[in-house]
Amino acid sequence: MGTTSRFPLEQATMLRLFLSALFPCLSLAPPPPINKLALFPDKNAWCEAKNITQIVGHNGCKSKAIQNRACLGQCFSYSVPNTLPQSTESLVHCDSCMPSKIQWDIVALDCPGNEEHPRVEKLVEKILQCSCQACVKDLAHDGLLLNVYLKTEDPLPPKGPNSPSLGLHPGEDAAKPPPRQPEDETKD
């Protein structure tokens, strides 16, 4: 009866990282997150979406409290010492607890006393899920853009120099920076 040997997950991950350093063409996608390290077998990476209350505000408008989530956790990173002259690429890995699935919601704020602009709409990122992911992300390759949803019945505004922008009063120009606020006022 033949026997097969299996690499433990840590060794397989290190082998993949080593081969990726030697042959960069093998590492088109970011390496998968690391859940355990051989040096610390009793430690696990973890990342969770924790419920928070977020205050959404705008200058001259009533703030609104909404329910959202924040990513909280401990993900692994490491750096293996290099040599000079360099014989291989350095082995550096970095994971961070960050959103893996989000949606965008529109939050309407009432602006009493402003007859010209009685309401402002803010686009707010809502975190749905979190996970340990590569610290530096290439959005074109990891599919995160496919996980972005806009929750609204209204179609998105057209893009262009004359299109309305969320968070601006009608007539404000998105290309011009907003007027500078005094430092003693709170910011969003």
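Heads up, the Cβ atoms here are built off N, Cα and C, so glycines get one too.
Note that this is a predicted model, so its numbers are computed, not measured.
Annotated in TrEMBL:
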- 170-188: compositional bias 'Basic and acidic residues' (COMPBIAS)
- 49-136: domain 'CTCK' (DOMAIN)
- 153-188: region 'Disordered' (REGION)
- 1-29: signal peptide (SIGNAL)
Segment confidence, the domain 'CTCK' (49-136), expressed as mean pLDDT: 93
For the domain 'CTCK' (49-136), the number of residues DSSP places in helix, strand and coil: 0 helix, 57 strand, 31 coil
